[in-house]
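What TrEMBL lists as substrate binding site is Arg21, His133, Thr353. The annotation domain 'Aminotransferase class I/classII large' is assigned in TrEMBL to 40-381. Look at TrEMBL and you will find Gly108, Tyr109, Ser179, His207, Thr236 tagged as pyridoxal 5'-phosphate binding site. The N6-(pyridoxal phosphate)lysine annotation in TrEMBL covers Lys239.
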Amino acid sequence: MTSSFDLAQRLQQRRQQQLYRQRRLLGSAQGAQVRVDGRDCLAFCNNDYLGLANHPYLAEAMAKAARQYGVGSGASHLVLGHSELHHQLEEALARFCQRPRALLFSTGYMANLGTLTALLDKQGAVFEDRLNHASLLDGGLLSGARFQRYLHNDVASLRQRLASSEASAKLVVTDGVFSMDGDIAPLPQLAEACQQAGAWLMVDDAHGFGVLGEQGYGCLEHFALNHQQVPILMGTLGKALGTAGAFVAGSEELIEALIQFARPYIYTTAMPPAVAAATLASLQLVQQESWRRQHLQQLIRWFSQQALAEGLPLMPSSTPIQPLLVGEAERALALSESLWQKGMLVTAIRPPTVPAGSARLRITLSAAHSQADVEHLLDALLQSWREVQGG
Ligand SMILES: Cc1ncc(COP(=O)(O)O)c(C=O)c1O
């Protein structure tokens, strides 16, 4: 019997377009050196920016909490899953972000979906940077609000759309650091445009939190922006903090509204309390060990200067995300494969994750890397680039 879903045809089409995705098998903890598909290699594609995902202090905190609180939370937050450890973490995150309150979500995807759908309905309007993360775009669409995208990091394009909107509730949403591009949103200018138009600004700081600012508080510390300028801050815990989950921080009213109305908060099992315990430990290290951010910044500066001086088409970025723009998906795959043959793992990012014709290698640097690791990467990249150009 033939299926009316046409799965075979769709899969075949993906293969033909060089867009088929396959998972590699990680056989070690996360870090600079990993074991992948049975081979040891140097990895430049995780989001463990501070090298905390395999830190013994976090592992010990998690193990200790698991012995005391068990491994599963056993229920949603609103039933019986909200443990003392979750609560302590929410309080610690609120203090760190200098906001009245914070609310934990099981993933960043759910935090974005939950926040946007809880705040917006058909009467509202949402304005999103066109390169926002999929979870922000999906949340905006699902909310039923009037949905508009503005040009990437283009404040004039946003202002124009805000001016022509008659919606009673307007929400502007942006990545803080763009996940596939590594550039930072012009938050002071976006905040000003929002204040003038009576709109709220929501920043998803998945890739800035822990990394940017002297304390690691992220994009808002980087630009010295306060709670009034950015009423909604979302951050993830599975990237620089090395654990899993996410949070939204803001006013008392915002957090209470999310507890009442955010369906991805209400209708799901709470993260295991041991993950909250590991994140509390991680938050301590983020604050105490500023050398991680300093080392990372040195690696970023060295790598971007050298790569550009050698003529590699790095995209402009001062963050750990250092994308190398390739263009065609097929060439990006060939480059990634050539690096793999040299013992380096850097994934090719292709459409639909990025716009057609802008396939790239998403190179990420981490405080776990040494200067020598990054020098190896640069040598390998230069060789592979020549090979793929010549081929
Ligand atoms: C900008 C951004 N927001 C949200 C998410 C989703 O976070 P999570 O992986 O915790 O679901 C990601 C990446 O995963 C991201 O890059």
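Each Cβ is built from the backbone N, Cα and C atoms, and glycine gets one as well.
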Message = Cβ under 6 Å from an atom of ligand 1: which of these binding-site residues qualify? The list is Arg21, Tyr109, Thr353.
response = Tyr109
Ask   = Could you tell me the C-alpha distance between the residue listed as 'N6-(pyridoxal phosphate)lysine' and His207 (pyridoxal 5'-phosphate binding site) in angstrom, no decimals?
value = 7
Remark   = Among the binding-site residues listed as Gly108, Tyr109, Ser179, His207, Thr236, the Cα nearest the Cα of His133 (substrate binding site) belongs to Ser179
Ask   = For Gly108 (pyridoxal 5'-phosphate binding site), which residues of its chain lie six or more apart in sequence with Cβ-Cβ distance below 8 Å?
value = Ser135, Asp204, Ala206, Met234, Thr236, Gly238, Gly245, Ala246
Key: Stretch-averaged pLDDT - the domain 'Aminotransferase class I/classII large' (40-381)   = 97
Query = Excluding Gly108, Tyr109, Ser179, His207, Thr236, which residues of the same chain place their Cβ within 8 Å of the centroid of the Cβ atoms of the recorded pyridoxal 5'-phosphate site?
reply = His133, Ser135, Asp204, Ala206, Gly238, Lys239, Ala246
Query = What number of additional C-beta atoms lies within 10 angstroms of the C-beta atom of Thr353 (substrate binding site)?
reply = 16
Query = Closest of the binding-site residues to Thr353 (substrate binding site), Cα to Cα, picking from Tyr109, Ser179, His207?
reply = Ser179
Request  = To the nearest whole angstrom, state the Cα distance for the pair His207 (pyridoxal 5'-phosphate binding site) and Arg21 (substrate binding site).
outcome  = 23
Remark   = The answer, for which of the binding-site residues Ser179, Thr236 has its Cβ ringed by the most other Cβ atoms inside 10 Å, is Thr236
